Structures are given as C-alpha cells and as structure tokens.
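Participant: What follows is a structure written as structure tokens; I'll ask about it next.
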Amino acid sequence: MGCKNCCSICLQCLFGYETNVMLVINNKGVGALFRLIQFLIIAYVAVYVCWIQRAYQDTDSVISSVSTKVKGNILTNTSIEGVHVWDVPEYVIPPQGEKSFFVLTNVIPTPGQTQSKCPEIPSLVTKCESDSDCIEGQTEVHGNGVQTGHCVQYSDTIKTCEVQAWCPLENDTIIPKPALLGAAEHFTVLIKNNIQYPKFNFRKRNLLHHINSTYLKNCTFDRKTDPHCPIFRLGHMVTEAGEDFSVMALKGGIIGIFIDWNCDLDFPERFCIPKYSFSRLDNKNPENNVAPGYNFRFAKYYKNNKSIETRTLIKAFGIRFDVIVFGMAGKFNIVPTIVNLGAALACLSLVTAICDWVMLTCMKDHDQYAKRKFIHLNQNGDSVPLSSMETTSYGTP
Amino acid sequence: MGCKNCCSICLQCLFGYETNVMLVINNKGVGALFRLIQFLIIAYVAVYVCWIQRAYQDTDSVISSVSTKVKGNILTNTSIEGVHVWDVPEYVIPPQGEKSFFVLTNVIPTPGQTQSKCPEIPSLVTKCESDSDCIEGQTEVHGNGVQTGHCVQYSDTIKTCEVQAWCPLENDTIIPKPALLGAAEHFTVLIKNNIQYPKFNFRKRNLLHHINSTYLKNCTFDRKTDPHCPIFRLGHMVTEAGEDFSVMALKGGIIGIFIDWNCDLDFPERFCIPKYSFSRLDNKNPENNVAPGYNFRFAKYYKNNKSIETRTLIKAFGIRFDVIVFGMAGKFNIVPTIVNLGAALACLSLVTAICDWVMLTCMKDHDQYAKRKFIHLNQNGDSVPLSSMETTSYGTP
Amino acid sequence: MGCKNCCSICLQCLFGYETNVMLVINNKGVGALFRLIQFLIIAYVAVYVCWIQRAYQDTDSVISSVSTKVKGNILTNTSIEGVHVWDVPEYVIPPQGEKSFFVLTNVIPTPGQTQSKCPEIPSLVTKCESDSDCIEGQTEVHGNGVQTGHCVQYSDTIKTCEVQAWCPLENDTIIPKPALLGAAEHFTVLIKNNIQYPKFNFRKRNLLHHINSTYLKNCTFDRKTDPHCPIFRLGHMVTEAGEDFSVMALKGGIIGIFIDWNCDLDFPERFCIPKYSFSRLDNKNPENNVAPGYNFRFAKYYKNNKSIETRTLIKAFGIRFDVIVFGMAGKFNIVPTIVNLGAALACLSLVTAICDWVMLTCMKDHDQYAKRKFIHLNQNGDSVPLSSMETTSYGTP
C-alpha cells in the first residue's frame, strides 16, 4: 500500500488542479467600477502600447553608408583673379563625396606667401611703439606668426611687431559681400544612402525600386512633388532649414541633412521609405558665441622659379552639409510582447485590490462582505475561537 | 480597552497572513492541461527568453575608433605618363587612414588645364550650328563650364558651344579597360579598431592579447586559417563581398567592412572577439541607378613658368572601404531580469484563467465545479437567498 | 421569463464582482516573513528601479554634429629647412575641422622626389650581391617601389636592389627626437558640438546659454575652474588621458575626446550639460602590436623648371583627436512605467507562493492550515468522498 499511496499522492499533486475559491458579489457599484478599470487597462494596452508605441516589437538601430556628389559651375570676375570658373574639384572640400561635405561660398585668398618676416596685422596687442613692446619668440593666440622682437612700420602711421611667418599675412577683416560664390545655391547634390538593420537582416537604399534612371537624371527633391528624389538643390535645403542662403553664404555655417529611416518591418518592405529634413546645426546667435559661421584655411603649395616654396593661402567660408542618418526599425518579437502583456495582466491584479478596498470600506454592507471574504484562523490553528469562527460560518443558517 | 484593541487590530493587519482559499479538483484532464501550459511557459522563459534572447541582460551600444593603413606599390606604363610607380600617398585618398578610405583603381588624367576658353565636349545639348544656339552665361548641369555665347569648331565636323572653364576639358567618355591600377587587389590594409562599452566600463582592441607582433607582421586575414589577423588583402575582401575585383576596379564602388562586436559580458573578456564580414554597399543594378560606381575628381595645382596657375585634373575611380563597427554588449542586470520574470509569472495567471474556463464550460461536472468555486452573495448581503446559498453550502452533508 | 432570465444572467456576469476568498492566519512568523518580503520588493522597485535605474523612462540615443578649430603657431629651426613657422593650414590635416582632426607633431620630409630609379633602403630582403638576387617586377610589401632586376651600390659598402619609384627614397629609420613640433602641446582647440534627441525633440549645444562671448574668448577647459569652456589645450587633454605629450609627440597616437550627454529630461533643460573626458585609444603596448603610434604619408606636388613632376613626401607623425559624442536621454513614459510596475506586482505574487510553502511545510500547525486552505473535490464531483470532505468541513463544530 505504501508505494501505491505514495504514487497516488504524487499524481494528485501533479494533476490535481488548484483554482481560487471566489466570492461573487452582486453589487452593481463595485461591479461597474471593476469592469470600468479592467476596460481602461485593456484599452490602454490595445491602443497605446500595441498601436501607438508598438511595444510588441523588438527594435534595432540603423547602420548606414553615404556617398554624395555635387554638380555645378560658377563664373566669378574679381579684380584680383580676373575671370575664373569654379568647378567641383575646386569648391567641394574634401573632394571624395563623403557624408559630410563642404561647399565653398566665400573666399579670402592670400597669394604668394613665403616663409619670411613681415609686420603683424594691427590689433590691440600687436601695435607697438618701439622694439621693447615686442617679445622675441612670443606667439599670440590670435596672431599669425612668431614675433622677432622688432617693431616695424605696417603703414605710414601704424607700427606693429614684426613676425616670422608665411608672409604677406592674410588680412581677413573685410569679408567679400555679397559672397563670391553666392550662386552656389543653384548647385545640386546627389545623396546615395545605403542602410541596414543587421538584427532583421534588412537592407535598403534611398534610390527606391519604383524610381527609374530617366527620372533620376532630371528630378530635384521637393517635399510635395518629388519626395523620393535623392537630388537636392543646395538653396532649397537651406531654405527648408529656415535660413537665407545669401546671408549664410557670407560667413558659412553647418546644415544638417537628416534622413529618418524609422520603419515598421511588420509591414511590407516598400513602406519603409526615408524621410528627409533639414536644419541649421551651428549657433547663429551672436550672444554666446565664438568664431561664428564656418570657415577654415587651406593652402595650395607651389615652387617659384628660384625653387622657393610659396603658397596661396585660402580662407574658405562655406556651408558644411552633414548627412545624418538615424532611425529605429521594429519587428514583432515574442519577448517584448510577453513582457508587455504580462505587465498589463499584472496591473489587472491591481484592479482587484482597488475594488476590494472600495468594497470593504466604502460600501454599506462592508461588514457582511468582510465576513464572507475573510476566513480567520488563529495562531493555534486547531482551536478556532468562537467569535472569529462565527464570522466565517457561512453556509450554516 | 480602546487603545489595546486598536493596537491588536493593527498588529493583526500587519502580521495576519492572508492566503487564497483554493479548490483542488482531482480531474486528470484539467490538471494535465494546467501542468502542460505551465510547463510550456516555464520552458519558454528558460529556453527562449533566458538562453536565446538573453533577456536578463542590460545592453549597451558600442563606441568605436578606427585607424587604417594601406600597403603596396604598383607600376603602370601608359602612353601619356610613361612608367610610373604608384605608392600609398598617391592612391589612398584621404591619406590619414580614417575609418573610410578610398583606394584608386582607375584614372582619367587631364594635365595642363588653365582658366581659358574652349569648345564643350559634344553632347545633345552642347552641339550647335551658330552662335544663336549658345546662350552667354548659361551653365549646363552636366556641362564643364560657363558658355561664352560662341559656337566654335570642336573637330573638323562638329561644332559645339564655347565655354569659359579649366581648359582643355576632360573627356571621360572612354574609361581605361582593364583598370589602370587593377593590381590594387594585392594591396593589404591593416585595420586597428578600439571599442568600448561605456555602461560596463569595458574596452578592447581588435589586436587580441594572444597575438604577438611577429605573427602580425606576416599574417593576412582568412576566415578559416587566420580569423583574428587584422590585415586584409583588398582582393580577398571584394571576393568575400561576392564581387569581381577586376570588374569593380573599372568604375569603382563601395565595400563595407563590418566588424561585429556583439558580446556577452557575463562570459570572460577573452570570448568577446570581433567578427568580420564584407559586402558591397552601392547599387550595381543599372535599372534604377544614376552615376553608378564610385568616382570623384580632384586636382593637383601648379604654377607654370609664367606664374599662371595650371592643374592636373584627375577623375579618380576606385573602391571606398567603409569600416562599419557595430554591436551590443549584454550583462546581467536585475531590472530586465525582474521585468521578464515578472511578466512570465503574470502570464502564468493566464493559465488559471484558461483552465477555469475549460473546467467551467467543457467538463461534464461543470455545474458541480461552479457551485464549489463561486460563493454568491447578493447586494443586500445580510439576507442571502436560499437558492444561491444552497450551492455554496458545501461542508454540510 | 426566458429572455428576462437571460438578461439578468448577463448583467450578473458583467456587474457581479468576483473577489478571492482569503484565509487569514494570525501567525506572527509567517505574517512577518510575508510583510518583510513585500517590503523588500517594494523597496527594490522604489529605490533601485525608479531612483537609480530610472526604469520608468523611455530612452533615446544622441545624434551629434561636431566642428573643431585649432589655433597656434610654432617656429622650428632645422638644418634642412631652416627657420620655418608652422601655422594651422600646415599642421592640421585635414584642414576642414571635422570631428576627427590630426595635429602634426613630428615630420620626416623627403624633398625633391621624382619618378626614377634608385637603390632600395637596405634591409634583410633588399640587400643583394648580384642582379640574380633581384627579381624584375617584384614589389616587396615593406618596400618602396618595383624592382628593376638590377643590384646597385647603395653606399660604399652596401649593395641593394634597384627600384623604380619616387626617388630619392624616404629613409624613416631615424625619427627626430625631441619631436619637431613638440610645442604643439600649447595649441588650443575649440570644439563646437550640437546634439539632439529626436524622440524628445530636444536640441542643445555645448556652448551653454549662461556663457557669454567675452568668457569664451579667453577661457581654457579645466575640470575644476572652467568645466564648461569648450576650448581645450592639447597638452592638457593628453595629460588627462594619462600620457606624456613629449613622448606621444615622437611617434604619434590617438586621443579620444569623449563628450557624455547622458541626460534626465524630466529635469529642466539647464541640467543637461556635457561631461568631457579623455583617454588614449591606440595600443601603446609594444608586445602585441604592429605599426605603433599614428603616422601617415602625404605629398606636395610641384613641377620643376623642366615641367617634370616632383614632390615633397612627408611622413607625418602626430596625434589624431577623435571627438566621440555619446549619451542616452531618458524621459517619463507610461509604457516602461507600466512594464516595471506590472513586473514588480507579479513578483509580489511570488511572495504568497513562498509564504504558502513555509506555512504548509515548516509550521507546527501545517495540517490545520492545509485543511483550511484547500477544498478537495474529486473527479466525480457530485459525490465527494467523506474523508476529503471532512478536511474541508470547517465551520461545523
């Protein structure tokens, strides 16, 4: 009998189904409250969690590769350089067409610089009366060279400290206005963007499938008429960013080209399309700013007839376009689904707690409910005191 | 008595342990169903959530820094340039060795360009009969300069509009075939990659600890024999990406070098090793494409004997290699563990709901079960109607 | 009666409130255990989940744009080049001021290279006795050109294979010590960083609102006195990274400038400020390393009097500064809140399970408890066996 009994207990444990004993109260108030809160929680899960936040999805961040290609030519006619046609290799820096490209819009050239000595550009700290005002070997943070210790004539009336430097020095106090290459707003740029979501093994390009080569050769991006054309007019982008190209061209700036690849991969692949937006990234507020705009200096090096190295220094103002690709893809996954479902279910248990509290405190008959709901058992379980026993002795009239 | 009573009620509230009253039903069907669903949920949590998805882990995204260094020399012998040896500073652009580097594979050079006037390259829009066909000041999108308004002889039979430009113009209609620097497939590149997961204060390099300098000086990456060698043969990478180097070298393209740093940081640090993969990123499908391949133009500037600026324009075709580092690290954290455990537990409560439903509808004895499970109590709790009372009066034979 | 009855059953289902029947046990031990575990779980949720991990927040990754501008001049006096002042366009490569910028600290120049033939730099593989040791057309991985097949005098005592290359070859065996541009540690760099969290529509710059232009023109970053100044002294950054600038300047290296934008957006925007830190990213351990330090070669191209292309090859050693922007922003969101709250609630149900187990096994009166907690019902529900019936017949004295 021993083993047989043992087995039967085990089986009873395994297959004996345990379920809660419930007290059903036909109280319309509490019942309605109960159903209302239940409904609210289920509605929250269905509408907000599932529909709006898509919390049943696993997510992945975008990985991206970008190449860019600018097109356009500009003719300028200046007193220094004469007639000059600027083409892409001259005004796009660096020329490789990476995801951050710079388009020259304004230029201060300083041709014929050689390593030699010349007077500094006049400023509060460089003006001098005699050699004793200049310190040999000193370099000013905003200066252009290393002081030789001499005080020399800069012009008929002004004396400044002499520096060893690439001379003649650049004088960038006067910025050409209007911008030399202000016509750059008519240039176009082709942006090729290839993205992938490695977790979902999903790849796509911004040259969408339904677009053919003929269309691509002639289109320009327009939010309404050509929202999928990957060719952008520079002026259009700057305007969409809320800026005036001719003003921005003077001192330069940074424009962000945002490509948003947020995708719901539970839908077919063709619904996953990039959204373009543009905004200015640098600070144009002059209040808390230093070195406003965007500029840098570079040089072209030559050797003159006597084999001495000379260079043309170019202070380049222009617009840097940063292509910034971002996005999250979501796809149904059982883990976040279970997590959100489970959490919502757990919250349903809160409903019972709230309704119990209402029932046991606010209701007229709360004593009756409590008597039925709670079965009291004292510490010395075998002898139940009469008073508490009575409250639980329902079923005996 | 008041306060003493009060205290005892408080204590009773605090230390009175409340537990559900359970109905145990020895029905093998429902019991088996109950245990089965319980088992399935627990198995799901153990196997899928914990083991496969590692949902008990907190995650962090990789932060990475890359430097690259290409090695190799090529000798070319062309009618224009004669014998020429190409070394790294000439064919790697930009030279700094950043995470995106370009290797020249094909070249259309146009030496001796100066700012002057010359006839346009013939095309549908540039051919002309007389000056009236050319508009002074106009720039074609695909043209090379700004029209002067004159129609001039391009060759004996063809007349085209004259342009102000860097002349002579580049003629890129014929691309050298085979690619001038097709031997670039034998070049090698050393990729140094340093990553960190800031949340876990974890740092690592792709030069693994167990690799010594001697090995590094002679190895090349091979998925089977040398999977941890950070030196890659360009041709090998292109082959692994499923492309033919000699074809790709003609017009260029973009190859992604993916370094996958997905790591389970609950394991020792030595198991966290990078996985390399390669794929082509640009679109080689000619159907919906524009400007296929990868090329850009740059120029070397000279001054000739008369101090006039001349330049050698180079249309550079080649392969851009983008090193793309990605990955997520996971490490045990109590928050996601609790969340997933809690969610699974909450789902277990669903099991009871399902089994209750089965028990109360499908079972032969569902009336009996319902009578035992539910204790009905009417709104006017003090007077329980006899009929419903009877169903709950178990315990009285 | 049919329909009326039907409706009343439906209403009863809808508004009949179901609540668990509870057994209250006045056992201080189990009660205390129950309350203790409950308290621990609630404390964990309140302190750890909410306060420390901020698990009630939705998160977003930072999107960033960086521009940099280096300032400073250095005078060098070498036997080859004489007195030379280096300014920004010469020592910052590339000059555009992107988020990764290289500052030249040491230089091996090789002026006057032309395409010609010359003996290789002596090494184990390039030394030769006769022409038969040299293979025409071969290129050594670490060589500088393509072998012509001839063995020629390198110096009075050494013969090496002749190569077609840019001659004379660079000899980089001796690195200038101390570094030519070691004074670069006094240079400063202005870093402008613009970030956004697209999910929360939050944008900010590292030029904080309360900082004015006057302050910006004179400050330098210091962790204690000027923690928000975006102008950094190169030497200071290298020191904070735990390196010696003069040592690092010799062979170069990579320094990471980390900008941490971790923000709690439930607080006002002014509390979201960047934290700067610096560390060395490349491997300085010589054991498992190849090509230590950081260097690359670039060339300046000239045409000499006879219009032959010559170049000055420059092996550039220096420090690459990588500005690495990272961070996560968190903001209150109902979904993660519900998920974490629900999960914690679900875990509370574990408490009951644990306490039940303690009560039903460890307690003296566990038989009594079991009798009261479980109501047994056999498969043939209508005839409950007497034995099990008796255990549930509490309430009848």
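Positions of Cβ are set from backbone N, Cα and C atoms, glycine also.
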Participant: Which of these links to B:C128 by a disulfide bond in TrEMBL: B:C118, B:C151?
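Facilitator: In TrEMBL, B:C128 forms its recorded disulfide with B:C151.
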Participant: Please report, as numbers and ranges, the same-chain residues at least 6 past the borders of the transmembrane segment (B:32-51) whose CB is under 8 Å from any CB of it.
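Facilitator: Result: 340-341, 344, 347-348, 351-352, 354-355, 358.
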Participant: Could you measure between B:C263 (disulfide bond) and B:K69 (ATP binding site) for me? Cα positions, answer in whole angstrom.
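Facilitator: Each residue's Cα considered, B:C263 (disulfide bond) and B:K69 (ATP binding site) end up 27 Å apart.
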Participant: Measure from the Cβ of B:K315 (ATP binding site) and count the other Cβ atoms within 10 Å, all protein chains considered.
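Facilitator: Around B:K315 (ATP binding site), other Cβ atoms within 10 Å: 18.
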Participant: Taking Cβ atoms only, which of the recorded positions B:C118, B:C128, B:C151, B:C161, B:R297, B:K315 fall under 8 Å from chain C?
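Facilitator: Going by the Cβ criterion (under 8 Å to chain C), the recorded positions yield none at all.
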Participant: Do you know offhand how many angstrom separate B:V70 (ATP binding site) and B:C219 (disulfide bond) by C-alpha?
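Facilitator: That comes out at 14 Å between the alpha carbons.
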Participant: What does the structure give for the C-alpha distance between B:T188 (ATP binding site) and B:C128 (disulfide bond)? Integer Å is fine.
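Facilitator: Rounded to a whole number, the Cα-Cα distance is 50 Å.
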Participant: Cα-Cα separation of B:C134 (disulfide bond) and B:C128 (disulfide bond), in Å?
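Facilitator: For B:C134 (disulfide bond) versus B:C128 (disulfide bond), the Cα atoms are 7 Å apart.
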Participant: Same-chain residues six or more away whose CB lies under 8 A from the CB of B:C128 (disulfide bond)?
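Facilitator: Listed in sequence order, they are B:C134, B:C151, B:K159, B:T160, B:C161.
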Participant: When each of the recorded positions B:K71, B:C128, B:C229, B:C263, B:F296, B:R297 is checked against chain A, which show a C-beta distance below 8 angstroms?
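Facilitator: Near chain A - Cβ to Cβ under 8 Å - we find B:F296, B:R297.
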Participant: What span in Å does the ATP site cover, taken as the longest CA to CA distance among B:K69, B:V70, B:K71, B:T188, B:N295, B:F296, B:R297, B:K315?
Facilitator: 24
